[in-house]
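Data first, discussion second: the structure below is written as structure tokens.
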């Protein structure tokens, strides 16, 4: 909104021309989202406490988690407000990608919010039925994927792009819709599985969003895209502002979510943030890079799949508990050690992902 106002005012004062620069608006987007999260955080937490919106803890989880019972949850709503306001203020609202990523994020946030609300109403850790939640996620992702496919103006927008090799671009046709839906839903649930310790999910989300912002900026600028040998996707540069909003909102939330957490994001935040990363990766045609940079999310998801499959086939568990972070907790690692080491791994993976911009 302010971006469009600035473009009108530019006719009266040339200084407003600075708002045309994506980098400038991204900085404003980060600061706006960060400021909103920090300012309204205490009020949101206080209201959650007042209405007894407390975390339900599984009885079969690590004993150290029992003390987390009652900690305010659904703090992810704070993140979504900060992201939405910041994006609406500083992004170009005539850009289709901006609306796709924003609506997907809010749709998955709504699904997560209903799930959280049911858990609170029933006073247990079971919310929406798994089949119902998954179906709603698929519908939301399918709608976004179909829209992107139908509005694509260049074949590369619906092709599979493999990193490291310039020429490896494979047209997917209708397969794009299936791949995009899988990435969005998979990313959403992967972040949700990772959200089990204080600050564990939010910092990797911030780091991956930062990495995707670099790809979005390069892909949206045809000169940079040609130089780096990555697909040039007109319009995706505006997603840098959205990614910046995720970074700002995430850091603001981490202020209250760091160990020991004053608030948890809940499914309303985790499902939404995961979907946001997934849909941005789809838009910039970097699904495989997301798989690499978000390796922690992948590890957590795979650990659950291995655990379930092993138990069903052999009756034995590979890990002491899944997802993976609980395994290390039960091995005796203090919670902060698990969190920070997972953060460090994510930093390394994001750097590897960014290195693929040059290694081609």
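For all residues, glycine too, the Cβ spot is worked out from N, Cα and C.
The annotation transmembrane segment is assigned in Swiss-Prot to 26-46 (among others). Panel annotation: around the transmembrane segment (26-46), residues 72, 75, 77-79, 81-83, 85-87, 89-91, 213, 240-249, 251-253, 255-256, 262-263 of the same chain, lying at least six beyond its termini, place a Cβ under 8 Å from a Cβ of the stretch.
Swiss-Prot lists 73-93 (among others) with the feature transmembrane segment.
Same-chain residues lying 6+ beyond the ends of the transmembrane segment (98-118) with a Cβ under 8 Å from its Cβ atoms: 73-74, 76-77, 80, 83-84, 87-88, 91-92, 126-128, 133, 136-137, 140-141, 144, 147-148, 184, 188, 192, 238-239, 241-242, 266-276, 279-280, 283. For 98-118 (among others), the entry in Swiss-Prot reads transmembrane segment, with the evidence type sequence analysis.
Sequence annotations record features per position, and here Swiss-Prot assigns transmembrane segment to 136-156 (among others).
Residues or ranges marked as transmembrane segment in Swiss-Prot: 168-188 (among others).
Swiss-Prot lists 199-219 (among others) with the feature transmembrane segment.
Through the fold, the transmembrane segment (235-255) approaches residues 22-23, 25-27, 29-38, 41, 75-76, 78-80, 82-83, 86-87, 90-92, 95-98, 101-102, 199, 202-203, 205-206, 209-210, 212-213, 216-217, 219-221, 263, 265, 269, 273, 276, 280, 283-284 of its own chain, all at least 6 residues removed from its boundaries and within a Cβ separation under 8 Å. According to Swiss-Prot, the transmembrane segment annotation covers 235-255 (among others), on the basis of sequence analysis.
What Swiss-Prot lists as transmembrane segment is 263-283 (among others), and the listing cites sequence analysis. Same-chain residues lying 6+ beyond the ends of the transmembrane segment (263-283) with a Cβ under 8 Å from its Cβ atoms: 41, 44-45, 48, 55, 68, 71-80, 83, 97, 100-101, 104-113, 115-116, 127, 137, 140-141, 144-145, 148, 179-180, 183-192, 194-195, 201-202, 205, 208-209, 212, 216, 233, 236, 239, 242-243, 246, 250, 253, 256-257, 289-290, 294, 297.
The transmembrane segment feature in Swiss-Prot is assigned to 288-308 (among others); the stated evidence is sequence analysis.
Annotation comment: Swiss-Prot describes 338-358 (among others) as transmembrane segment.
Between the transmembrane segment (168-188) and the stretches 73-93, 136-156, 199-219, 288-308, 338-358, it is 136-156 that has the most C-beta pairs under 8 angstroms.
Among residues of the same chain six or more beyond the transmembrane segment (199-219), those with a C-beta under 8 A of the stretch's C-beta atoms are 22-23, 26, 191-192, 225, 228, 230-233, 236-237, 239-240, 243-244, 246-247, 250-251, 253-254, 257-259, 261, 265, 270, 273-274, 276-277, 280-281, 283-286, 289-290, 293-294, 296-297, 325, 338-339, 342-343, 346-347, 350, 353-354, 357.
Non-local neighbours of the transmembrane segment (288-308) in the same chain are 161-163, 183, 186-187, 189-191, 193-194, 204, 207-208, 211-212, 215, 274, 277-278, 281, 317-319, 322-325, 327, 342, 345-346, 349-350, 352-353, 356; each lies 6+ residues outside the stretch with a CB under 8 Å from one of its CB atoms. Same-chain neighbours of the transmembrane segment (136-156): 96, 100, 103-104, 107-108, 111, 128, 169, 171, 174, 176-178, 180-181, 184-185, 188-189, 231-234, 271, 275, 278-279, 282-283, 285, counting only residues six or more beyond its ends whose CB sits under 8 Å from a CB of the stretch.
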